[in-house]
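Report on the following structure.
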Amino acid sequence: MASTSRVFRGCVHPFRRYLTPDDTHDLCVLCLGEEHARDVLEGAICVHCERFSMKKLRSRLSLFSRKEGQPSAPHGSGPAAAEARRRMSSWCLQVDLADEFWEGLSFSRSYINGKQEIMKWNGWGYSDSRFLFTKKGQAEFTGKRYRLSGLILPSLKDWFEGTFGANLQHRSPATPSLNLSAVAPPNLNQPFVEDLKAAGLVVSHDPEDRVFRAHGTELTSLCLAESFQKIFWFHLFMFYFIFHLWEICCHSDVEKIVELACKHNVCLIPYGGGTSVSSALECPREETRSIVSLDTSQMVNFFFSILWTSMATDNCLITHLNEHGYCTGHEPDSMEFSSLGGWVATRASGMKKNIYGNIEDLVVHIKMVTPRGVIEKSCLGPRMSTGPDIHHFILGSEGTLGVVTEVTLKIRPLPEYQKYGSVVFPNFQQGVACLREVARQRCAPASIRLMDNEQFQFGHALKPQVSSMFTSFLDGLKKFYITKFKGFDPQHLCVATLLFEGDRGKVLQHEKQVYDIAAKFGGLAAGEDNGQRGYMLTFVIAYLRDLGMDYYVIGESFETSCDALPSLLHRCALSVCRPLVTQTYDAGACVYFYFAFNYRGLNDPVHVYEQVEHAAREEILANGGSLSHHHGVGKLRKEWMKESVSGVGLGMLKSVKEYVDPQNIFGNRNLL
Ligand SMILES: Cc1cc2nc3c(=O)[nH]c(=O)nc-3n(C[C@H](O)[C@H](O)[C@H](O)COP(=O)(O)OP(=O)(O)OC[C@H]3O[C@@H](n4cnc5c(N)ncnc54)[C@H](O)[C@@H]3O)c2cc1C
């Protein structure tokens, strides 16, 4: 751990940004203003600025060129007392990342303000990235962003048609563009809007802005937005009330908004990256007040030490941390688009939780603005014995209590060495037994995931065209070895993908330990490439759902955690779903279930899907599974909350809500 006596000071008036220890100004760069930053860069004398390098002066000036719509500069809020006391002598590795972080943040702008320009309005992810079948019937993945991009996938068509009975002649294409004139006007609370404007806050009523922020990515929302015209109109009705508030860039702005919302009795829905899969972002149908989507994605505020940030989409967070040699280690599959505030509000889990922990393990400090006031702890101590942990009222609160405006997260230096791996098992049961043993011996790699045979076949269908005879020959040999020589049945074998991280020596040792355990369960090492491809699949699988929707196939995944995995997996309502074990614990595991079907000829496919998920969820709960391991409850699963946490437990949560938000300003009606 590095240690130094450098002290950071907050700029006292008007308290916006921190002053780094080598800065002898009394005011922060923002309070000093653009002219000052420009003058000193051009050579004007300032006894304070002359100690800075040209790089730093340039970086300071660039803060101002960024202010139009880009993540505005941090206002330096936070637990003021703790900040002032924070020292470089703390136990944590302390790093001043503030200035460097601003460099190169420009891409956030395109994501945040031009979200609709680069992302699909009617499906998952980037507009330029999608699976499609060419006129020749060959599958390809477009764009340049992923490992699969630009590649031909020769086996996908057969897999797709064979698995779902789909036919490429039968198309159900998505509605290509949003009919803006069909979006009903917002239900404005004019005095509220006037007060917001007077406070210098920017509001958008733009129909596209509203539509984009009025739903998550659960199947029901996307179907509404994509193919099913009838339901789509109904969904537009829900957009009727919403208007969208953007350029929320600091804690004090949020405080003002919440104060005004209370004054004018307006409903607020915090919005992070919009990747929710629990209908958490949908506007409640019964709400008659103005609904405001509070887009927090501009709240970017990096600080020293532990990373201090508000709601940076991970695009900023992870990429920039990595560029500076650090990581949070929190990598949910949605990490390209989800936000830190969303992670906290949903109790998210990342695939490397074995090393870094889930979000609740990574969080050091949280600050949330509620109608009752600001809630936060007074210090950054690693543990407190002061009654129930107030962070745990915030973690998983799903936007029902307030807006998370600041989070202090642990960060770590990037691992020196990373290695993927994979193991083939003769069947799923043996794979599960191996994962259990790995958990029991507490030697799980950063990530270990087990996919069943059908997912293995799916992974195979996504193999790109091989470029050389040699690769094709090698693939054939491996297949021959596993199926003929070792006698694995291709219809039953399954695969675990592995990711090891750490220093090289330890990784190699660790790898050996895991492969040794796997061998005891009949597992055969199946190479790094298969492992790496397995992880890549997790980032493109949501795109595959959109391809299905173009050909009458709808699908969705849902997850749970349980202690008795083998018995759960055999329940009949679940046997129509394909399981994927994604996380292991001392006392159980997290399982995803994938479910898709061809809906051609069905009147109401979404309803059919909902019935299947409902039956599956009942089965999960009846067998000791949780309502959710990490996706949260939202509106989709709240009917089971009482069963999950007991009547008294639910009553406790409701009384917290009543105390914190008596007017139900955060009225998204999730969870409770
Ligand atoms: C393809 C795909 C893969 C996924 N993989 C994972 C995974 O691996 N692990 C995982 O945990 N989840 C996963 N999810 C689910 C989703 O990404 C998470 O729930 C994520 O944490 C949501 O973050 P967000 O920023 O998109 O929040 P949003 O979707 O914008 O909001 C989610 C909820 O949080 C509330 N909220 C958002 N920001 C704030 C804030 N600042 N203050 C208060 N409330 C707020 C909202 O009101 C809403 O109730 C996945 C989803 C998809 C579509």
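From the backbone N, Cα and C atoms, a Cβ is placed for every residue, glycine too.
According to TrEMBL, the domain 'FAD-binding PCMH-type' annotation covers 238-414. Look at TrEMBL and you will find 270-276, 346-349, 398-404 tagged as FAD binding site. The annotation site 'Important for enzyme activity' is assigned in TrEMBL to R449. Marked as substrate binding site by TrEMBL: R545. For Y592, the entry in TrEMBL reads active site, proton donor/acceptor.
Distance from the CA of G273 (FAD binding site) to the CA of the residue listed as 'substrate binding site' is 19 Å.
In this structure, the C-alpha atom of S276 (FAD binding site) lies 16 angstrom from that of Y592 (active site, proton donor/acceptor). Of all the binding-site residues listed here (G273, A348, G399, G402), A348 has the Cα closest to the Cα of R449 (site 'Important for enzyme activity').
Within the model, the domain 'FAD-binding PCMH-type' (238-414) shows a mean pLDDT value of 81, rounded to a whole number. When the alpha carbons of G273 (FAD binding site) and Y592 (active site, proton donor/acceptor) are compared, the span between them is 22 angstrom. Close to P270 (FAD binding site) in the fold, though at least 6 residues off in sequence, lie L294, T296, G341, A345, G399, V403, V404, F666, each with a CB less than 8 Å from its CB. G399 (FAD binding site) counts 27 other C-beta atoms within 10 Å of its own C-beta, drawing on all protein chains shown. Checking the recorded positions P270, G273, R449, R545, Y592 against ligand 1, the ones with a C-beta less than 6 Å from an atom of that molecule are P270, G273. Secondary structure at R449 (site 'Important for enzyme activity'), taken from DSSP and collapsed to helix, strand or coil, is strand. Other C-beta atoms found within 10 angstroms of the C-beta of R545 (substrate binding site) number 21, with every protein chain shown included. Look at G273 (FAD binding site): DSSP puts it in coil. Between the C-alpha atoms of G402 (FAD binding site) and Y592 (active site, proton donor/acceptor), the distance comes to 30 Å. The DSSP secondary structure for the residue listed as 'active site, proton donor/acceptor' is strand. Under DSSP, G402 (FAD binding site) is assigned to coil, being neither helix nor strand in the three-state scheme. Cα of A348 (FAD binding site) to Cα of Y592 (active site, proton donor/acceptor): a span of 14 Å. Around Y592 (active site, proton donor/acceptor), the C-beta neighbours below 8 angstroms that are at least 6 residues distant in the chain are S557, F558, E559, P579, L580, V581, T582.
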